[in-house]
Amino acid sequence: MKSKVMERFKETRLVCLLLFLTLSVDLGFAFGQNKDTEFTFLLPAGATECFFQTTTQNGSMEVEYQVIAGSGLDIGFTLISPRGYRLVSDFRKSDGIHTVDPTEEGDYRICFDNSFSRISEKMVYVEVIVDGPEDEDEDDEDWAALAEPEDSLEYKLEDIRDTMDAVHKNLERSRQLQTTLRTFETRDRYLLEDNLWRVSFWSSVSLLVMVSVALTQVYTLRRLFSDKHRVCT
């Protein structure tokens, strides 16, 4: 009886060790290949700004942009490949999401154009997500090395790996959605503040005009009914 308990305890310890190694290896692969870049910049009126993103062969890249402040909330967007081909061209749009899959090895050029606006500058939020190529063969060899002790309490390392990959992808997607929602909130706040300034300004102008008209009418009526000429009898 004791021998069975000890054997089961050793199997449990072995499974825990395998789970720990699984977590370490999987998280290392998951977070090591994903490169996220997000920033906000101010694009002057009548200007064009370009950024460069380095990628590897057979990877994937996702570019998301959104105008969060500025008159019209629109901007031009261009994505150019390392060979010089224009992959995406947007004209006067407020936001957009574009994916390149697979990518080429080299520097992609990401350009934002505000040359059509001569007065208003634009505040633009940009997020670039770059994923490296999936080395499935190398991953399978590493997992095969970890899976040498088989039939340990009927745990399947491949199932655990698939579950962890799904959880990681869902977490990344949730983070991207939260970032997008925060960007929408920022843009709406800027829009509300700009509208508040306009409403306050024109309300003040309207009030000033109304007061001026009222004073003018009172003065005109008083002039009509005031008789300064005296009649001698």
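Cβ atoms here come from the backbone N, Cα and C positions, even for glycine.
Because TrEMBL annotations are produced automatically, they should be read as predictions rather than curated entries.
For reference, TrEMBL has these:
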type     : residues : note
SIGNAL   : 1-32     : signal peptide
DOMAIN   : 48-130   : domain 'GOLD'
TRANSMEM : 201-221  : transmembrane segment
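Taking H, G and I as helix, E and B as strand and the rest as coil, DSSP gives the domain 'GOLD' (48-130) the counts 3 helix, 55 strand, 25 coil. The average pLDDT computed for the domain 'GOLD' (48-130) is 90.
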